[in-house]
Amino acid sequence: MGLLAYLKTQFIVHLLIGFVFVVSGLVINSVQLCTLVLWPLNKQLYRRLNCRLAYSLWSQLVMLLEWWSCTECTLFTDQATVDRFGKEHVVIILNHNFEIDFLCGWTMCERFGVLGSSKVLAKRELLYVPLIGWTWYFLEIVFCKRKWEEDRDTVIEGLKRLSDYPESMWFLLYCEGTRFTEKKHRVSMEVAASKGLPALKYHLLPRTKGFTTAVKCLRGTVAAVYDVTLNFRGNKNPSLLGILYGKKYEADMCVRRFPLEEIPLDEKEAAQWLHKLYQEKDALQEMYNQKGVFPGEQFKPARRPWTLLNFLAWATILLSPLFSFVLGVFASGSPLLILMFLGFVGAASFGVRRLIGVTEIEKGSSYGNQEFKKKE
């Protein structure tokens, strides 16, 4: 095992990476708070600044995937679609099967220059998660409680507010509403059968309200829908902890572009279009399981150096005073100071682990289990 491979497995190194991410995130959130004064004066300047501030935080996670674990991402699509990446507003539909599916999506956003301006329809609970939710608030992320009667006006207002967004925007929708588990899949297929819809093998039944509303509100702003189906070679099921330990994965992403004018205006017809899309996604997953590849040309967009340089800059700024402080604590010989410092390290470790836990499937939303609970 080489030195770098050894360091990737060490807890203290993980803690230092977490320290840089958390402290830089708090600094970035503080600066974002100050930018709020710009909103009534120059909304577009506020947005451009916050895109770059968000990039400085999110790119640290992308750095872990690209440079720390050296995970490779391959696109299966066509040249015409690749040529449009990063040059238009789009809605992204991504299957929600893996703990790091969002990170693979962010990697593609970074490589085509839209990481800072990427959006998502997110559950409202995330708004209160430090760093993640706070940064999203300043980015005008659309939050929802996933109770349509309560969400309708909020979601419509949030989507319409993005109609004049100045940077190319990729708006992510997890139409399944929650991550795939066997229990949720069983319940979802019972619901599909009750509605006379074809069964899906690899996906949950898509929730159509968010999709049809997004398409309706963003029509005239968004140029297309990108359907993305993600899988990992070797039937791997990667995690953020695995990435932190330097494990390398190979992600394959099948991307299909649908011009927005191809999607029906009528809400019921648009919902039917989405159901058909998920049947096609299921067929793509079946093909991948049998052949090990998706259809289409293969593209491997080159990773850019900015994520690594950004992290190294933050690490230089934040770790130098930290090391000086630690040396001072132990040089003092004070048992109280040393115990307080060790307590702080323990609390920091717990906090970083909790942040990582947000991505874990078993810690995921219970959304979609209500019918199961009723049956039990």
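A Cβ is built for glycine as well, from the same backbone N, Cα and C atoms used for every other residue.
Remember, TrEMBL labels are computer predictions, not curated facts.
A quick note: this is a predicted structure, and the numbers were derived from the prediction, not measured.
Mean pLDDT across the domain 'Phospholipid/glycerol acyltransferase' (90-212) comes to 91 in this model. The domain 'Phospholipid/glycerol acyltransferase' annotation in TrEMBL covers 90-212.
The transmembrane segment annotation in TrEMBL covers 12-39 (among others). Beyond the transmembrane segment (12-39), the same-chain residues lying 6 or more positions past its ends with a Cβ under 8 Å from any Cβ of the stretch are 45-46, 49-50, 53-54, 56-57, 60-61, 64, 130-131, 134-135, 138, 244-245, 311, 314-315, 318-319, 322, 345, 348-349, 351-352, 355.
Per TrEMBL, transmembrane segment is recorded for 308-330 (among others).
Among the features that TrEMBL reports, transmembrane segment is placed at 336-356 (among others).
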